[in-house]
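If you check TrEMBL, you get these features:
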| type | residues | note |
| --- | --- | --- |
| DOMAIN | 44-145 | domain 'NfeD1b N-terminal' |
| DOMAIN | 276-392 | domain 'NfeD integral membrane' |
| DOMAIN | 408-462 | domain 'NfeD-like C-terminal' |
| REGION | 143-173 | region 'Disordered' |
| SIGNAL | 1-31 | signal peptide |
| TRANSMEM | 267-289 | transmembrane segment |
| TRANSMEM | 296-314 | transmembrane segment |
| TRANSMEM | 320-337 | transmembrane segment |
| TRANSMEM | 344-363 | transmembrane segment |
| TRANSMEM | 369-392 | transmembrane segment |
Amino acid sequence: MRLAVLSALLPRPALRRALAWLLCCAPACIAALPAPGWGAPGTVTQVTIDGPIGPATAEHVRRGLEHAARDGHRLVILQMDTPGGLDTSMREIIKTVLASPVPVASYVAPGGARAASAGTYILYASHVAAMAPGTNLGAATPVAIGGPPGGEAPRPSAPPASAQAPASAPGSALERKQVNDAVAYIRGLAQLRGRNADWAERAVREAVSLPAADALAQRVIDLVAPDVDSLLRQIDGRTVQVQGREVKLETAGATVVPHEADWRVRLLAALTHPSVALMLMMIGIYGLFFEFSNPGVGIPGVLGGICLLLALYALQLLPVDYAGLGLVLLGVALMAAEAFAPSFGVLGLGGALAFGIGAVILIDTDAPGFGIPLAFIVTLAAVSALVIGAIATMALKARRRAVVTGDEALAGSLAEVLETDAEGAWVLHAGERWRAHGTAPLRPGQQARVLGRRGLVLEVEPLDGDHSPTRTTGGRP
């Protein structure tokens, strides 16, 4: 339709010339457009790691790097202040950094911050390593080992051909394997980025640390910068290797865009806290136990199922000791059983003890920020014991209460004889007429005690003495 309008307005030669000019200018216009996936030139993403490194931290970093690559940002600043964290989460972050198409500059800041343990590995893996004055890094010994016992390991006089420790290295075979694996890992990162591999090995074997100025002097980091603007000025024009190709950084005067953690990352951070996971597991087990013991309510079962699934999701992301998990489950089961099968506290005490021991050894790591405080464990066990004790007390009171329904409620209650006939008598019990057989002759107006029921006939015995006919029947004498 539009071509028809143009044909009517323009002569045919003029139309041909216009189309020819359009075809000639189209490639130039397309070339002037920014490359797909790249945003405004000079934009930098800043991702902050503040605290222990765990599954939520790894997810936060992954999302930040994906966001930077999608929007075409020129650099990602990974600002760190961490005491360390989980080995699995650290390795996920390093894999993300190594696979990132956007250069990553790890920056230990602000002043007083640290990149200890896992933070040192991430610093070595980054394309640019920087620190603010007054910060430190190091102490990269695997925390589950606690460092080689018996003093410092001997310092190598030259870079070893391999990361294998000498046969006389102290510690068990498992400890040596873990240390050697960590040494090989950090030396590989150091060699990849051209940084001091010998000091990296000492950071693992001897848990040594360095302040910012010494780290720069020993080629552990690339530069010292007091703030982000200074960092961007210093690395402007620097060439780094990104996925096997050289990339020149153009960061002078770049706009820094912080990447904030979204609700998914914050929820994951809350769920993967060991104390929260333990509490969710307890609520889930109790909810399902109460639902199965008294079906029909629905709320405990639904709430328990949701909490238990969330707890299982969190625990599969954490280094869980299965012996500890088994003890926790056994303890909760025993404490719940105490409420429904009172054993004078034996089951409850055993359950509280099993729960406490299991909770202490539940998380199989000494990584900072991922232990369960002993005070929290004691409080949780005490609260559980109090709840179970209250339920058991109410159950005992209910058992002592008089039965008000069924054949047991009939036995011993009173009835009034209404009339007699050849087949027996009719009595009034709790406002109802019953056919009755007496153990002795009955007479109208007489009070009788119910002995039991046989089908629809009550077995009664007449009462001797003066029993007022106005007394309410159906009660106990």
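From the backbone N, Cα and C atoms, a Cβ is placed for every residue, glycine too.
Note: TrEMBL annotation is automatic and uncurated.
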Is the number of Cβ-Cβ pairs under 8 Å between the domain 'NfeD integral membrane' (276-392) and the domain 'NfeD1b N-terminal' (44-145) three or more, considering only pairs separated by 6 or more positions?
yes
PLDDT averaged over the residues of the domain 'NfeD-like C-terminal' (408-462)
85
The domain 'NfeD-like C-terminal' (408-462): DSSP-derived helix, strand, coil residue counts:
3 helix, 35 strand, 17 coil
Give the residue counts of the domain 'NfeD1b N-terminal' (44-145) per reduced DSSP state, in the order helix, strand, coil.
38 helix, 32 strand, 32 coil
